Amino acid sequence: MSGPLPVGAALEVESLSVRVRGRALVDDATWSAPAGRLTALVGPNGAGKSSMLRAIAGVVPERAERTGRVLLGGERLDALPPRERARRVALVEQLADGAPQLTAREAVRLGRTPHHRMLGFSLGDDRHVAAALDAAGAMALAERPLAELSGGELQRVHLARALAQQSGGEPGLLLLDEPTNHLDVAWQLELLELVRRLALDRPVVMTVHDLALAATHADRVVLVDRGRVVASGAPSDVLTPERIRAVYGVDAEIDARPGGVAIRYRRMAS
Amino acid sequence: MTRTEQPAAGRERPATAAERASTATTRAAAHIPAQLPTRGPRRRRSPALLLALALGALLVVGVAVAASAGPAGIGPLEALGAILARLGVGESPLGAVDDAIVVDLRLPRALAACAVGAGLAIVGAIMQALVRNPLADPYLLGVSSGASVGAVLVLIAGLGVLLPVAAFVGALAALLATLGLAAAAGGATPTRTVLAGVVVASAASALVSLVIFWGADGDAYREILAWLLGSLAAITWPTALVALVGAGLALALLPTGRLLDALALGDAAAGALGVDARRTRWALLVASALVTGVLVSVSGAIGFVGLVVPHAVRLAVGAGHARLLPLSALAGALVLLVSDTVARAAFDPRELPVGIVTALIGAPVFAALMLSGRVRT
């Protein structure tokens, strides 16, 4: 897929592991995501995709042990204090349905939290929030409570929050957990369009279940199974029938055309 | 970023492979984002500001009325004049006796009512947010029950002067017991802390009942009941100052409103914003319980204010804590000031424990708010 040359800081994950009571949620994962590229993290349910994103964002479960290194532009993210890290990495969670009574603007303003000083505000908050709402195409939603928004609208607002979090500095790392989940096809395309635009000057990593969607829209794919990275690279190199069979246990027929990739699945002949 | 640099989605966009593949769906998508109806910009902010100003004005009026209400036959303006005179503004319009009644008896009580009401409402709103339970109130960690044990013991021993000290010691002991129990049970997580609080509160309540059953009679019984229901009858300047310190500590928690909003997003989302959800929640729980301990030591366990005022304010201005906390403080101060004035003056010469009045006035007001159709559930 043609795109602009990578600019800015790349994400490098080196030997990242997250263990809870001996069980590995993420197991010695090493992969990278260049800036200016959209990277898709794929894998079966429970493969550790969400745990991976959270660990990169510095969020680990209670009593979990995290080892390994996470670098953004050569800087150790995992060694940064939480607020410093939060200015460089933003995470949009799957099914982010918290804080339903807040208006969209208030929710986006929460993105400014790592920039706040003692009194809960910082200079230019309003400007950054407005710019983020605008960039995410959510300006028209600003005064509506989150509870009233549709899934697609909500996803936009949370994207705007992530943008507000990084506004006012270098474009940072954007992590999206299942951003297309529960969206109808029109919203999916809208959202991917937006995400692609955001990925012009920063590394963006999203988890997706739909392999065809990943193959069509992502520049790079990282395939994860049981916490381990099975393969990473260009979509056509990573998503082969053999690997899909090995990881998902289904037969896949991949139909790559200039307009996009379609995949047909069948239960494995046993 | 401006619209020219970042064209709104759905308008002039570079075509992608996916769009070329499915122009039909793209057309369907194109009309979605930019043309959503707005509902008037900032529709909630100005009501909040208006409400704050109105509550502030009512509070000033309320203090003047509270300082004048009673058998001495003093007018609100005279009372206000006397108060201002003590602050060095003008001269008191009242004689020495009336002046003393206003400034030395009623003013400290009115200020204590404001302080306790504001503090309880703030702490109640914070507690509700921390444990995500609308039934949470300031007494969540067993603080008031512990205070009651201390209070009841000194009342039965006939050492009423020691009441605030004993109550605070009791509150602190209960808080420490709660935290200790939670820690011993495997780490003071918020859930464990709240559960431990329930246990400690039950034990302390049982202890209070036991002591009353065993030792109380006549006057002591009435005193104890007044304390348990919450009363500001015994307020003097020194205890009023304690209440004001408690309110000051509660006000110091106001900037945590944004943190509470971040926590409402979910723990992981808060963590990604650089907020350690577990530690923040625990620290705020303990800080809130401490503030409650200070307040309870002078007022007893006044119910309703800390539980219902935050809900009422939420109905009016929404759940964003940056607005909810300060407005709850104002509303709580006003509710308790009015309630206490009614408790003191309405049934003269008898006086009701203010806890009865807060519920008597508060319950119908809250019911009316609910019936007005503003409840969003």
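Each residue's number is its place along the chain shown, starting with 1.
The backbone N, Cα and C atoms fix where each Cβ goes, and this holds for glycine too.
Residues or ranges marked as region 'Disordered' by TrEMBL: B:1-42.
Marked as compositional bias 'Low complexity' by TrEMBL: B:15-30.
Residues or ranges marked as transmembrane segment by TrEMBL: B:48-69 (among others).
Within the chain, the transmembrane segment (B:110-131) has long-range Cβ neighbours (under 8 A, six or more residues past its boundaries) at 59, 62-63, 66-67, 137-138, 140, 190, 194, 232, 235, 239-240, 243-244, 246-247, 249-251, 253-254, 256, 260, 263-264, 281, 284-285, 288, 291-292, 294-295, 298-299, 302, 305-307, 309-310, 313, 321, 324-325, 328-337, 339-341, 354. Feature annotation from TrEMBL assigns transmembrane segment to B:110-131 (among others).
Sequence-distant contacts of the transmembrane segment (B:138-159) (same chain, six or more residues past either end, CB-CB distance under 8 Å): 120, 123-124, 127, 131, 166-175, 177-178, 193-194, 196-205, 207-208, 211-212, 215-216, 220, 223-224, 227-228, 285, 288-289, 291-293, 295-297, 300-301, 306. Per TrEMBL, transmembrane segment is recorded for B:138-159 (among others).
Here TrEMBL flags B:165-187 (among others) as transmembrane segment.
For B:194-214 (among others), the entry in TrEMBL reads transmembrane segment.
The annotation transmembrane segment is assigned in TrEMBL to B:226-254 (among others).
The transmembrane segment feature in TrEMBL is assigned to B:282-309 (among others).
As annotated by TrEMBL, transmembrane segment applies to B:321-339 (among others).
Nonlocal intrachain contacts for the transmembrane segment (B:351-371), taken as residues 6+ away from its ends with a CB within less than 8 angstroms of a stretch CB, comprise 113, 225-226, 228-233, 299-305, 308-309, 311-312, 315-316, 335-336, 338-340, 342-344. The feature transmembrane segment is assigned by TrEMBL to B:351-371 (among others).
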May I ask whether the transmembrane segment (B:321-339) has at least three C-beta pairs under 8 Å with the transmembrane segment (B:165-187), counting pairs 6 or more apart in sequence?
no
Taking a Cβ cut-off under 8 Å, which residues six or more beyond the ends of the transmembrane segment (B:194-214) line up next to it in the same chain?
131, 139-142, 144-146, 148-149, 152-153, 156, 170, 174, 177-179, 181-182, 185, 221, 224, 228, 285
Same-chain Cβ contacts of the transmembrane segment (B:282-309) under 8 Å, 6 or more residues past its ends?
112, 115-117, 119-127, 130, 135-141, 143-145, 147-148, 151, 164-165, 167-168, 171-172, 175, 178-179, 188-190, 193-194, 226-232, 235, 239-240, 242-243, 245-247, 249-250, 253, 256, 259-260, 328, 331-332, 335-336, 353-355, 358-359, 362-363, 366
